[in-house]
Amino acid sequence: MSPKTETKASVGFQAGVKDYRLTYYTPEYQTKDTDILAAFRVTPQPGVPPEEAGAAVAAESSTGTWTTVWTDGLTSLDRYKGRCYDLEPVPGEDNQYIAYVAYPLDLFEEGSVTNMFTSIVGNVFGFKALRALRLEDLRIPTSYIKTFQGPPHGIQVERDKLNKYGRPLLGCTIKPKLGLSAKNYGRAVYECLRGGLDFTKDDENVNSQPFMRWRDRFVFCAEAIYKAQAETGEIKGHYLNATAGTCEEMIKRAVFARELGVPIVMHDYLTGGFTANTTLAHYCRDNGLLLHIHRAMHAVIDRQKNHGMHFRVLAKALRMSGGDHIHAGTVVGKLEGEREITLGFVDLLRDDFIEKDRSRGIYFTQDWVSMPGVMPVASGGIHVWHMPALTDIFGDDAVLQFGGGTLGHPWGNAPGAVANRVALEACVQARNEGRDLAREGNEVIREAAKWSPELAAACEVWKEIKFEFESVDTL
């Protein structure tokens, strides 16, 4: 090797592979108000130190790669790199840690959940040095929140639009979810709405199939809404699912819904994607439509305790991307949801300021700086006997959605809707009178059933129905 070549090698950058923790593990770092903070549940491979695992997460989800590159010298890594600033062992687990990572705000495009997730939950989840990785929570700084529109309208504006106050809203998913013709589908909608429900809903997998094209469904559902409104004197709605194969087709369906004059449309935000969801949310804000969000596919992402992403993160992302309702579990029905954890992310959806509370899975204090709230939807295996618990757990600002619990009534859809409305009104009145629904709920329902034959029939049908499985969504 010539002396000239040796000189260049000695003054050049130090090529090769070095431990991530030398650059990305910084326990002395003081987080900034503008940082996005993440709490990851990290399970390192055997022999990988926790500091190296946490640093690898910070590196691979920000500026790092597997080897040193000369272009590191063309930027300021100290300004742009993610930092693992704290590690704590998970109680009861041998080799599992909560790694806290801080990301500088400049790493993310303004107003883009898509870009935020591409970095934070991107390729790092396939990293070989980690046996498993789960994103438990995010702290979104106020400076980043202010770059998002958020929900098209929010809870208070929705109540004003519907002129409904002081109680939860009632909904129903039309069943069978697939196979009905548009006219029969519209008939089912009408029967439910005239019986006393506020909303009916397209199932998440109803889009535009051969047995029922979307335009036909929209027209017959609009007819059902107007007829039910005329008969009851109440504002009614049906969640018309605008989810489609392209953003252009999705917006076309939303435009047609607006032209029909209906109050609300629907989107499957995970299968449709965050870019499509934000696009639709902006359209709904500009055109006065409420937006109902279904979370189909969420359990693929959030149900495994050690890998993936907790639903509280998906809930925060939805509030940023935009939606007025989102399904959030029931605690008491057939779908997943442990009480304190569910109420933790329900608060993250509805409230403006949420304190850190590890007992409910909330790792960071979150300030939404007046971004409108999202109404949680309780849906899945619920019926009239659950009404006291649901009213007690969720309070007024929620949608209680009974699909089979309405349509399965032995006398038909309208009596099923009557039963649910009577049960709800009885529970709200009892609560307002100071009665303890958790203790006296069954008695409240029995008393109401004495003067409502529809409720009495529903109570008889579902008196033995329970879904007693242990939740896997635990701390």
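Every residue gets a Cβ built from N, Cα and C, even glycine.
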Problem - Same-site substrate binder from HIS238, HIS327, given that Swiss-Prot records ASN123, THR173, LYS177, ARG295, SER379 - result: HIS327
Fill in the blank from the handout: Candidates ASN123, LYS175, LYS177, HIS327, SER379 (recorded positions) passing the 10 Å Cα cutoff around GLU204 (Mg(2+) binding site) are LYS177
Practice task
Fill in the CA-CA distance, LYS175 (active site, proton acceptor) to ASN123 (substrate binding site), as an integer in Å.
Solution key: 39
Exercise for the section: Go through LYS175, ARG295, our recorded positions, and report the one whose Cβ sees the most other Cβ atoms within 10 Å. Expected result: ARG295
Fill in the blank from the handout: Looking only at the recorded positions LYS201, ASP203, HIS294, HIS327 (substrate binding site) has its closest CA neighbour at HIS294
Problem - Other CB atoms, at most 10 A from the CB of HIS294 (active site, proton acceptor) - result: 28
Exercise for the section: Enumerate the residues of the same chain, LYS201, ASP203, GLU204 excluded, that satisfy the criterion Cβ within 8 A of the mean position of the Cβ atoms of the recorded Mg(2+) site; list them in sequence order. Expected result: THR173, ILE174, LYS177, ASP202, ASN205, VAL206, TYR239, ASN241, MET266, HIS294
